[in-house]
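As recorded in Swiss-Prot, the features of this protein are as follows:
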| type | residues | note |
| --- | --- | --- |
| ZN_FING | 17-51 | zinc finger |
| BINDING | C23, C27, C39, C42 | Zn(2+) 1 binding site |
| REGION | 62-99 | region 'Disordered' |
| COMPBIAS | 75-90 | compositional bias 'Basic and acidic residues' |
| ZN_FING | 96-142 | zinc finger |
| BINDING | C102, C105, C123, H126 | Zn(2+) 2 binding site |
| BINDING | C116, C118, H132, C134 | Zn(2+) 3 binding site |
Amino acid sequence: MAQESWKNESEETVHTPEAPILCVNNCGFFGSSMTNNMCSKCYRDFVKVTTMAAPVVEKKAFTPASSSKTPLEPAKPDEVPAAAVEDKQAAQEPPKPPSNRCLSCRKKVGLTGFQCRCGGTFCSTHRYTEAHDCTFDYKKAGRDQIAKQNPVVIAEKINKI
């Protein structure tokens with residue numbers, strides 16, 4: 001009797017493993033139920049295709065901020081914004097190639113040239129402001145930088161009692 005109860009318990013607890021499932025795409029590899037019966041490579045390709053095919057697009061409806069009916073004045077065609085004129089002039093001028101010669105002695109500097117704040121490129125002997133008569137005002141630039149970094153704080157006057 002003990003053997004019969006032991007036999008019934010073992011039959012209930014023993015589960016036969018499922019046979020491996022081949023990939024749905026018939027690539028020869030085994031698939032998984034977690035990946036829709038596809039192998040890892042086919043599933044990765046499937047996810048790529050589905051995300052590319054249906055990109056998420058959010059359409060925002062335009063709603064006016066105020067419902068007031070104020071008439072708008074049409075722009076005059078004769079007036080052209082100043083920014084547009086400057087853009088046209090900048091587009092007409094071709095960009096200058098970077099200078100690879102010293103502005104003082106015209107010596108070729110190549111990649112070893114020093115850029116100055118005045119806008120020029122100089123060799124190792126003319127890189128200092130005294131050597132090339134620099135037009136940039138370093139003192140004023142320093143004062144402006146300090147003034148910008150340390151704003152003036154004015155305290156309120158104290159009322160005497």
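Quick reminder: no glycine exception, Cβ is built from N, Cα and C everywhere.
Mapped onto this structure are the features recorded in Swiss-Prot.
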| residue | record | Cβ contacts under 8 Å, 6 or more apart |
| --- | --- | --- |
| C23 | Zn(2+) 1 binding site | F29, F30, G31, N37, M38, C39, C42 |
| C102 | Zn(2+) 2 binding site | V109, G113, T121, F122, C123, H126 |
| C105 | Zn(2+) 2 binding site | C123, T125, H126 |
| C116 | Zn(2+) 3 binding site | F122, R127, T129, H132, C134, F136 |
| C118 | Zn(2+) 3 binding site | C134, T135, F136 |
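Within 8 Å of the centroid of the Cβ atoms of C116, C118, H132, C134, where the record puts Zn(2+) 3, the same chain has further Cβ atoms from L103, R117, G119, G120, F122, T129, D133, T135, F136. Cβ atoms within 8 Å of the centroid of the Cβ atoms of C102, C105, C123, H126 (the Zn(2+) 2 site) belong to the same-chain residues R101, L103, S104, R106, K107, V109, F122, S124, T125, R127, H132, site residues excluded.
Within the model, the zinc finger (17-51) carries an average pLDDT of 86.
In sequence order, V24, N25, N26, G28, F29, G31, M38, S40, K41, Y43 are the same-chain residues whose CB sits within 8 A of the CB centroid of C23, C27, C39, C42, the residues recorded for Zn(2+) 1 being left out. Counting every protein chain shown, the number of other Cβ atoms lying within 10 Å of the Cβ of C123 (Zn(2+) 2 binding site) is 20. DSSP assigns C105 (Zn(2+) 2 binding site) to coil in the three-state reduction, placing it in neither a helix nor a strand. Around the Cβ of H126 (Zn(2+) 2 binding site), a 10 Å sphere holds 22 further Cβ atoms from the protein chains shown. Counting residues per DSSP class in helix, strand and coil order gives 8 helix, 6 strand, 33 coil for the zinc finger (96-142). Reduced to three states, the DSSP call for C27 (Zn(2+) 1 binding site) is coil. Each residue in the zinc finger (17-51) gets a DSSP state, and the totals come to 15 helix, 6 strand, 14 coil. Cβ environment of C27 (Zn(2+) 1 binding site): C39, K41, C42 lie under 8 Å away, each six or more residues apart in the same chain.
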